[in-house]
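Colleague: Provided herewith is a single structure, encoded as structure tokens, for subsequent inquiry.
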Amino acid sequence: MKAKLLILLCALSATDADTICIGYHANNSTDTVDTVLEKNVTVTHSVNLLEDSHNGKLCRLKGIAPLQLGKCNIAGWILGNPECESLLSKRSWSYIAETPNSENGTCYPGDFADYEELREQLSSVSSFERFEIFPKERSWPNHNINIGVTAACSHAGKSSFYKNLLWLTEKDGSYPNLNKSYVNKKEKEVLVLWGVHHPSNIENQKTLYRKENAYVSVVSSNYNRRFTPEIAERPKVRGQAGRMNYYWTLLEPGDTIIFEANGNLIAPWYAFALSRGLGSGIITSNASMDECDTKCQTPQGAINSSLPFQNIHPFTIGECPKYVRSTKLRMVTGLRNIPSIQSRGLFGAIAGFIEGGWAGMIDGWYGYHHQNEQGSGYAADQKSTQNAINGITNKVNSVIEKMNTQFTAVGKEFNKLEKRMENLNKKVDDGFLDIWTYNAELLVLLENERTLDFHDSNVKNLYEKVKNQLRNNAKEIGNGCFEFYHKCNNECMESVKNGTYDYPKYSEESKLNREKIDGVKLESMGVYQILAIYSTVASSLVLLVSLGAISFWMCSNGSLQCRICI
């Protein structure tokens, strides 16, 4: 009996067996990502794909300053409003910046025909040559070129007029018919502007042009219009009851434009040979100009980012990330951080048997922890880690490259009569924006799910690699660990890690130790059975003795009577 109890104590006493465990890296990162199946998964490493910051300034685009219109708008700049005279010297720009409520446009009241189309054309122009299409001093010898000024276009307290147009009036009591032509020899498109004056009454008409009925004709290969002045009383605007309507056309290289009139012509003085640039555009912004450079400009401010998406503004100029409505687009590159992997993912095997990551393993994503008589330590599996890093890096770069289509996205121009078209365009743009946002978010969710499952699969494969080497020379004890049936020094541990473990070398020792452990288990079973029988018999005897004592006491004091009948 003593021998059996000794065996039991030996079996119950703890022994420090050599062990090796498979695990994964963990750190103090608080980065969270979303996947198809989960929200806010804490991971060791991740990359942000969404730019949400800007500097709040207008900057040079690729080293080229923008054309900042200040208090002028496109009409005031291109017609030559006297208050916009400082802009006349500008010849090139990266983009055009206009304030939302610019004061100086058409100073003499009237309509600007196809103004939105002109803005659209100028949005793709990065430079122009301003030149005299009809030199002022020699083009109009039979007409007055000096008295055509107005208080509506005053400058520095004096009446003035547009710097790119001439208001032709009668000279010496007559307004002879005029016929002027220009041939475009610039090898570029030429923007030509002119106007037609509509007096408020017949007296003004006769005073200025010496005739009641007048016309203006403008003809080119692609343009053919005849204008008749509309003489009528109108409410005064900027002190003027008359009106001027403004017109423009683009003259192709080699084409000719002909002006014919017998009154009311606001003649071209300067025209513009246009040079287009793909990166140009017009933005409406209250941001101030600053000494800074950028590759991407928005109305809110400049973006300096190589990320594929941004949520700052849908209108951009330059090499800009794609606008989406998302608030978070973060792609995982590392592993799940502690706590452990628990649920099965969408695409691969799950290393759900490992309860937590190792903060002590800092030189890799997956690896080993061993313990033997020589000590303990962590070691990363460099091959599987490097393969994972290469695969994930290539995937992230591929996603960014595919989605990072840098481009300019400027607003389309619509006039007041095209409100329904503008609303329809907004709905279409919103639809595309929703699709882009959905695609971007779904892409990130799917890739995050795949990456996390990829890591889980790698840990599982590493575990199976060790298990297949050790076979029955060790036993699985849970949490990704194996307990050896033999002594495994550091050299032995290293062979397990690098895949050169010599199974036959340790199989005999393992077999003997395994049989001893199995024998101890059998002896322990016998001891447990003996103890159980002994305990049962002893308990029964104690119970019988107790009952007998109680019965004797009760009989002696008369509480219990016993009768024996024969």
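Glycine too: its Cβ is placed from the backbone N, Cα and C atoms.
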Colleague: With reference to Swiss-Prot, which of the candidate residues CYS59, CYS84 participates in the disulphide bond with CYS72?
Modeller: CYS84
Colleague: Tell me, from CYS292, CYS296, CYS320, which cysteine Swiss-Prot puts in a disulphide with CYS59.
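Modeller: When Swiss-Prot is consulted, CYS59 turns out to be bridged to CYS292.
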Colleague: Of all the recorded positions given, namely ASN27, ASN40, CYS72, ASN286, CYS492, which is spatially nearest to ASN179 (N-linked glycosylation site) at the Cα level?
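Modeller: Nearest in space to ASN179 (N-linked glycosylation site), counting only the recorded positions, is CYS72.
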Colleague: Rounded to a whole number, how many Å is the Cα of CYS492 (disulfide bond) away from the Cα of ASN40 (N-linked glycosylation site)?
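Modeller: For CYS492 (disulfide bond) versus ASN40 (N-linked glycosylation site), the Cα atoms are 41 Å apart.
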Colleague: Considering only the recorded positions ASN40, CYS153, CYS292, ASN498, which fall within 10 Å of CYS72 (disulfide bond) when distances are taken between Cα atoms?
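Modeller: Close recorded positions: none.
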Colleague: Given the recorded positions ASN28, CYS84, CYS292, ASN304, ASN498, state which is nearest to CYS320 (disulfide bond) when distance is taken between Cα atoms.
Modeller: ASN304
Colleague: Within 10 Å of the Cβ of ASN104 (N-linked glycosylation site), how many other Cβ atoms are there?
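Modeller: That number is 19.
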Colleague: Can you give me the average pLDDT across the topological domain 'Cytoplasmic' (551-566), rounded to a whole number?
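Modeller: Averaging the confidence scores along the topological domain 'Cytoplasmic' (551-566) gives 57.
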Colleague: When the Cα of CYS59 (disulfide bond) is compared with the Cα of each of the recorded positions ASN40, CYS107, ASN286, CYS488, ASN498, which one is closest?
Modeller: ASN286
Colleague: Measuring Cα to Cα, how many angstrom lie between ASN286 (N-linked glycosylation site) and ASN28 (N-linked glycosylation site)?
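Modeller: For ASN286 (N-linked glycosylation site) versus ASN28 (N-linked glycosylation site), the Cα atoms are 43 Å apart.
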